[in-house]
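According to Swiss-Prot, the features are:
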BINDING   Gln26, Glu31  Ca(2+) 1 binding site
BINDING   Asp58, Asn60, Asp62, Glu64, Glu69  Ca(2+) 2 binding site
DOMAIN    13-48  domain 'EF-hand 1'
DOMAIN    45-79  domain 'EF-hand 2'
MOD_RES   Ser2  N-acetylserine
MOD_RES   Ala3  N-acetylalanine
MOD_RES   Ser42  phosphoserine
Amino acid sequence: MSAQKSPAELKSIFEKYAAKEGDPNQLSKEELKQLIQAEFPSLLKGPRTLDDLFQELDKNGDGEVSFEEFQVLVKKISQ
């Protein structure tokens, strides 16, 4: 997936993965892993781990990633 998607496309992709388990408006760590592996496969190559990325994105510390928190990742990728 290119980070150059419209906001509606990004929201749709987020919701597709978030709806797999638990809260359909939040990504669990497993859902985030599935999304990254399918949509951003090169993101976790190198020293960065899923745990590092999840901790960085989960700004409020609730153990899930909201769409707003996910947008931080998209912005970083598109730079």
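One is the number of the first residue shown, and numbering goes on along the chain from there.
Glycine residues also receive a Cβ, built from the backbone N, Cα and C atoms like all the rest.
The structure, with features from Swiss-Prot marked on it.
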{"residue": "Gln26", "record": "Ca(2+) 1 binding site", "DSSP class": "strand"}
{"residue": "Glu31", "record": "Ca(2+) 1 binding site", "DSSP class": "helix"}
{"residue": "Ser42", "record": "phosphoserine", "DSSP class": "coil"}
{"residue": "Asp58", "record": "Ca(2+) 2 binding site", "DSSP class": "coil"}
{"residue": "Glu64", "record": "Ca(2+) 2 binding site", "DSSP class": "coil"}
{"residue": "Glu69", "record": "Ca(2+) 2 binding site", "DSSP class": "helix"}
Quick one: of the recorded positions Gln26, Glu31, Ser42, which has its CA closest to the CA of Asn60 (Ca(2+) 2 binding site)?
Gln26
Remaining residues near the recorded Ca(2+) 2 site, that is with C-beta within 8 Å of the centroid of the site residues Asp58, Asn60, Asp62, Glu64, Glu69:
Gln26, Leu57, Lys59, Gly61, Gly63, Val65, Ser66
Candidates Gln26, Glu31, Ser42 (recorded positions) - the one closest to Glu69 (Ca(2+) 2 binding site) by CA:
Gln26
Compare the C-alpha of Glu31 (Ca(2+) 1 binding site) with the C-alpha of each of the recorded positions Ser42, Asp58, Asp62, Glu64, and give the closest one.
Glu64
Proximal but sequence-remote residues of the same chain as Asp58 (Ca(2+) 2 binding site) (Cβ under 8 Å, at least 6 apart):
Glu64, Val65, Glu69
Using a 10 Å cut-off on CB atoms, tell me which of the binding-site residues Glu31, Asp62, Glu64, Glu69 is the least crowded.
Asp62
Can you tell which of Gln26, Ser42, Asn60 has the most other C-beta atoms within 10 Å, given these are the recorded positions?
Gln26
